[in-house]
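To keep things clear, I will list the structure first and then write my remarks on it.
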Amino acid sequence: MAEQTFIMIKPDGVQRGLVGEIISRFEKKGFYLKGLKFVNVERAFAEKHYADLSAKPFFSGLVDYIISGPVVAMIWEGKNVVTTGRKIIGATNPAQSEPGTIRGDFAIDIGRNVIHGSDAVESANKEIALWFPEGAANWESSLHSWIYE
């Protein structure tokens, strides 16, 4: 199986109409969309997703933010998709994100940074299992041989 990552467009990204732009950037890179959900997140689910941050002082505000509106949860697949996906997204703090990255182009405040992306293969697997217990769609693009050797 090729490497997969979990990407979530946060409520601010949805409200600002950035869903198509964000999906386009991953598709143009050559990654495959293998799962997509447009959902309103329940508090308990958000707390489970961000459980590793539960001791941080910003945890409560982060959970409130994630449940404030719908999110787009996605599985993306491709060679080095976790590392490359993080580069496409940019630094967690938009002030440190390069122009050309999603956060560098569309975010200003760390508390409204548009998008979440798995930081490692292990966390991607955990997040995908949480958000997509049914698994990813089973398909391969007809463009595969034009993108990968």
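FYI, residue positions are counted from 1 along the chain as it appears here.
Even glycines carry a Cβ here, placed using N, Cα and C.
Here His116 (active site, pros-phosphohistidine intermediate) comes close to Phe6, Ile7, Met8, Lys10: these same-chain residues lie at least six apart in sequence, with C-beta atoms under 8 angstroms from its C-beta. For His116, the entry in Swiss-Prot reads active site, pros-phosphohistidine intermediate, with the evidence type similarity to another entry.
Summarising the annotation, Swiss-Prot assigns ATP binding site to Lys10, Phe58, Arg86, Thr92, Arg103, Asn113. Take the CB of Phe58 (ATP binding site) and look out to 10 A: across all protein chains shown you find 12 other CB atoms.
Contacts of Asn113 (ATP binding site) defined by a Cβ separation under 8 A and a same-chain sequence distance of 6+ are given as Lys10, Asp12, Thr92, Asn93, Pro94, Arg103, Ala107, in order along the sequence. Long-range neighbours of Arg86 (ATP binding site) (same chain, six or more residues apart, CB within less than 8 Å of its CB): Gly117, Asp119.
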